[in-house]
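Engineer: Starting off with a structure, shown below.
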Amino acid sequence: MAQDLESRPGDPDLGVGPVHMVLNGILWIGRAAAWILVPILVLVLISVVLSMAKVGTIFSWDSDVFLFGSKLTLSSIGDLLWHLFGIMLMLTMAGAIITDSHVRVDFLRQHMSARNKAIVDVIGHLFLLIPLCAIVAYHGYDFTVRSFHMDEGSNYDGMYDRFFIKAFIPIGFGLMLLAGINLTIRDLRALFTKQSGKADD
């Protein structure tokens with residue numbers, strides 16, 4: 001696993017020390033979560049075949065099982081698809097920010113110098129990304145706890161234990177919050193290092 005956490009060709013500058021370790025760890029989580037796409041594709045195929053065969057209930061059993069209750073149905077497979085897609089999305093968002101592969105609206109940024117880009121990123125992280133992620137993670141936690149206490153589940157014979165999928169909201173935005181904080185530290189360190197270098201000259 002230590003080798004997997006090392007920077008790969010094409011990865012962005014992840015800083016040094018603890019910042020490097022945190023950002024690399026978040027990237028590793030994102031890369032692992034991206035493999036969820038494989039079972040999603042398999043489940044889509046199974047769902048289409050069962051739908052064409054007009055199969056409603058696939059398996060049933062006596063005692064309740066986590067997420068599925070007492071039976072596996074076509075509806076629960078459909079729910080599982082959305083659950084897996086949501087988990088994949090929540091766990092890969094932070095990696096997209098770290099690798100700078102997310103969609104940007106600041107079209108002027110592409111013409112900026114590296115220093116000005118770092119300044120824009122620091123401002124954006126401090127006043128937009130970090131506060132937003134903190135708010136969503138905080139309320140997402142309450143959202144998850146409420147769902148757990150309500151024993152929330154599907155109303156149409158789908159999956160149960162909705163708190164499980166909702167738990168990935170604070171997890172995903174918590175990872176983005178962690179990424180935003182560490183990217184800000186990395187950029188500030190780079191900015192001040194360059195300034196001190198110029199002052200020495």
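Glycine is treated like the rest: Cβ placed from N, Cα and C.
Automatic, uncurated: that is what TrEMBL annotation is.
I grabbed these lines from TrEMBL:
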type     : residues : note
TRANSMEM : 33-60    : transmembrane segment
DOMAIN   : 78-189   : domain 'Tripartite ATP-independent periplasmic transporters DctQ component'
TRANSMEM : 80-98    : transmembrane segment
TRANSMEM : 118-141  : transmembrane segment
TRANSMEM : 163-185  : transmembrane segment
Engineer: Residues of the same chain, at least six outside the transmembrane segment (80-98), with any C-beta under 8 angstroms of its C-beta?
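Structural biologist: Residues 12, 14, 23, 26-27, 29-34, 36-37, 39-40, 43-44, 47, 67, 129, 159, 164-165, 168-169, 171-173, 175-176, 178-180, 183.
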Engineer: Can you work out which residues elsewhere in the same chain, 6+ from the ends of the transmembrane segment (33-60), have a Cβ less than 8 Å from its Cβ atoms?
Structural biologist: 70-74, 77-78, 80-81, 84-85, 87-88, 91-92
Engineer: Based on DSSP, tally up the residues of the domain 'Tripartite ATP-independent periplasmic transporters DctQ component' (78-189) by helix, strand and coil.
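Structural biologist: Tallying H, G and I as helix, E and B as strand, the rest coil: 89 helix, 0 strand, 23 coil.
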Engineer: Can you work out which residues elsewhere in the same chain, 6+ from the ends of the transmembrane segment (118-141), have a Cβ less than 8 Å from its Cβ atoms?
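Structural biologist: Sequence-remote neighbours of the transmembrane segment (118-141) are 97, 106, 109, 112, 166, 169-170, 173-174, 176-177, 180-181, 183-184, 187-188, 190-191.
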Engineer: Please indicate, using numbers and ranges, the residues of the same chain that are 6 or more beyond the transmembrane segment (163-185) and have a C-beta under 8 Å from a C-beta there.
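Structural biologist: Same-chain contacts beyond the ends: 15, 19, 22-23, 26, 29, 66-67, 83, 86-87, 89-91, 93-95, 97-98, 121-122, 125-126, 129-130, 133-134, 136-138, 140-141, 143-145, 147-148, 152.
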